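*Asks:* Here it is, the structure, as C-alpha cells.
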Amino acid sequence: MATVSLEAIRKSFGSTDVIHGVDIDIEDGEFIVIVGPSGCGKSTLLRMVAGLETVTSGEVCIGGNRVNDLEPMDRDIAMVFQNYALYPHMTVFDNMAYGLKIAGTAKDEIVERVDSAARLLQLEDYLKRRPRELSGGQRQRVAMGRAIVRKPSVFLFDEPLSNLDAKLRVQMRLEIKQLQRRLGVTSLYVTHDQVEAMTLADRMIVMNGGIADQIGAPLEVYANPATEFVAGFIGSPPTNFLKAQSAEVTIPGAVTLGIRPEHLLLTSEPSPVAGTVLYSEALGAETLVHLRLPDASLVTVRQGATEPLPAEGTSAGLTWDASEQMLFDAEGRRCDQPAA
Amino acid sequence: MEKRVTFKGLWLPLLLVLPQIVITAVFFFYPAGQAIWQSLFIPDPFGLSMQYVGLGNFEYLLGNSYYRASFVTTAVFSILVTVVSMGIALYLAVLADRLIKGSGVYRTLLIWPYAVAPAVAGVLWLFMFNTRVGVVTWYLGVLGYDWNHVLNGGEAMGLVVVASAWGRISYNFLFFLAGLQSIPKSVIEAAAIDGAHFWTRFRTIVFPLLSPTTFFLLVVNIVYAFFETFGVIHTITSGGPQQSTTILVYKVFSDGFVGQDLGSSAAQSVILLVIVGLLTIVQFKYIERRVHY
C-alpha cells in the first residue's frame, strides 16, 4: 500500500505529444479512475506508472520514491490488462503463482497465497484448468488473482472490463469495488466508460486530449463540470448544449449553455427556447424526450414516467432552473460561478 | 461449423480432381512403383537383363557396414543442420523482434540467402574454403590452422553442415519471427511486471508459446537435411573424404549412377520413401491437432 504521485508528467512519441503535463496526488488506499475517450492518453498515463512506457518529463513517485527509471518489476505494482494477458500454456494456479515463483517464494507460501486468492475470487474449482478452458469472466478473475497474490502496493487496471458482455461487466464492476475495499490497495483504473468511472471511483480524472480536464469525486464532477468536455462526457444521456445567445443569457464571455436532461422541463407556455418533439423513449422508470431546436441542434429531456408524453411533431417550450445551468466560454471553460 | 460443398453427380468432382491425380500418378506413383519393382532385381551393368532376387537387395544393404555408416552420417548431418540453422534463426528472430527501427531492411537482408539454390550455395562455400585459393582457408592458415576438408572428414562434415544450414536460416528466421510476433505483447508485459527478466521471460513464456512453430520447423528441417542437401554435398565433397559426408540420399545417387548398382540404389530409395513417409505422418498428425491458445 502506498501513495502515488504524478508531477508534470509529459509523454511524447517522436514529435507527437500525447500527454501534456498531468499532476495528481493519490492517497494511500484510494481508488482513482482515469476516464476519457479513446486516444486521450489515459492508457499511456497508466503504462507510465507501470513502467511499460518511459516518461518524457516529470516525475512518477510510488510510496514517496521516484520510480521513473525503475523497471516494472521493481515498482511493486500489479496490472490487470484489457485482454487479461494470461499465460496460455499455464494452468490457473501457475498463472497466479508465476510472479511468486520468480521471486523465490517458499512453495507452501505460494500454495497458501494462491489458494486464498482463489477463494476470494471463487476460482477454487478452476485451478487446474488452462485459460482457454475458462469463460471471459473467469479469465478476468484469474488476471485479478495474479495481481492479488503478489500483494503489491498499487493495482493498475487497464480497461479490464471492456472485453466482457454488458451483464457480466456490471457484476465484475461490483466485485472489483468490493475487492478493492477489502484489500485497501491503492488502485488506478483506466476506462472509457463513464458509468464505470462514476460507480468505482473515489476520485476520478477526466482526460481530454492529453490533459486532465478535471480531478474530483464522481458526484462533484457530475454536478460541477469544469469544462464543456467534462459536462458532455460524464452523464448519460449527455448534457445538452445550447447557444448562450438563443437562451437569452447575458453573462459576458458565455458562449455555450449546458443543461443536464433531468434539469429540463417541458412547458406549454411561451418560452425563449422551444423545439419540435422528434420522438420519445419510454424506459419505464423515466422517459427521454428528444426535441429539435430551430437551429437544428438536438436536445434531450429526461422526465418521470408519470409525466404526460408529448405527441411527436408537436412543439414544446423548455424551461429550467437558472441555478442548474452551466455556462462555458469560447474555450470550453466554465465562466459562471460554480454553485458551491 | 465447417461449410461443405456437396456435388450431386460423380463426374464433375472426378473431373475437378483429375489433374492432381494425373500429376501425382505420373510424377510420384509411377517412379515410386518403379523403384519398388527395381529394388527386387539385380540388373546387369548394361541394362539388358534383370535377375529377380526378392528382398536380397535389402538384406545386403542392412548387412553392409557402409550403408549403416551412412545412416549414422545422415543422423549426425541432419541433427547438426537442424540445430545450427534453427538456433541461429531463433537468435536472429529474437533480435529482429526487439528491433523497432530498420526492421524491414534487416528482415529483407536475412531472407536473401533463401533465394540461393543449394548447388550455388555449395559452390560459394566451396570457393571460400577451397584448400588452395579459399579466402577463409587462407585466413585460417594465417592463424595457424591448416584447413583441408578434402582430407579431413570432420572438416568436410562441418563445411557441408554450414553450407546447408546457411540458406535454411532465412526460412527458419521468417517462421520464428512470425511466431514471436504472434505472441501478445501484453503477455510479455505481464511477465515483466511479474518480475521476469528477459532471459526468464524467454525461457518460461516465449519459448513455450513458440513451441508449435519450433516443432513444425524441426520436422521440415529434418526433411530438408535428408533430401534437399544433395546439391550442397555433390558440389562440395561428393560424399568424401572416405564417405564421411555420404548421407543416404547421396548414396542412392552414387551407388546407382556412379556404381551402376541400380538394384541396390532402388532398394535404398524405398527405404528413404518409408522414412519420409513416417516423417510426413508425424507432421500431419501434429498439424491436425495443432495447439490453439
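From the backbone N, Cα and C atoms, a Cβ is placed for every residue, glycine too.
TrEMBL labels come from automatic prediction, so no person has curated them.
So TrEMBL lists the following for this protein:
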- B:12-30: transmembrane segment (TRANSMEM)
- B:71-96: transmembrane segment (TRANSMEM)
- B:71-283: domain 'ABC transmembrane type-1' (DOMAIN)
- B:108-128: transmembrane segment (TRANSMEM)
- B:156-178: transmembrane segment (TRANSMEM)
- B:205-227: transmembrane segment (TRANSMEM)
- B:266-287: transmembrane segment (TRANSMEM)
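Explain the structural surroundings of these features, please.
*Replies:* Non-local neighbours of the transmembrane segment (B:108-128) in the same chain are 92, 96, 134-137, 159-160, 162-164, 166-171, 173-174, 228-236; each lies 6+ residues outside the stretch with a CB under 8 Å from one of its CB atoms.
With a threshold of 8 Å between CB atoms, the same-chain residues lying at least 6 positions outside the transmembrane segment (B:205-227) that come near it are 74, 77-78, 81-82, 85-86, 94, 164, 168, 172, 175-176, 178-180, 183, 187-188, 191, 196, 247-249, 272, 275-276, 279, 282-283, 286-287, 290-291, 293.
The list of residues near the transmembrane segment (B:266-287) in space but at least 6 beyond its ends in sequence, with Cβ under 8 angstroms from a Cβ of it, reads 32, 34-39, 57-58, 61, 67, 215-216, 219-220, 222-223, 226-227, 248-249, 251-252, 255-256.
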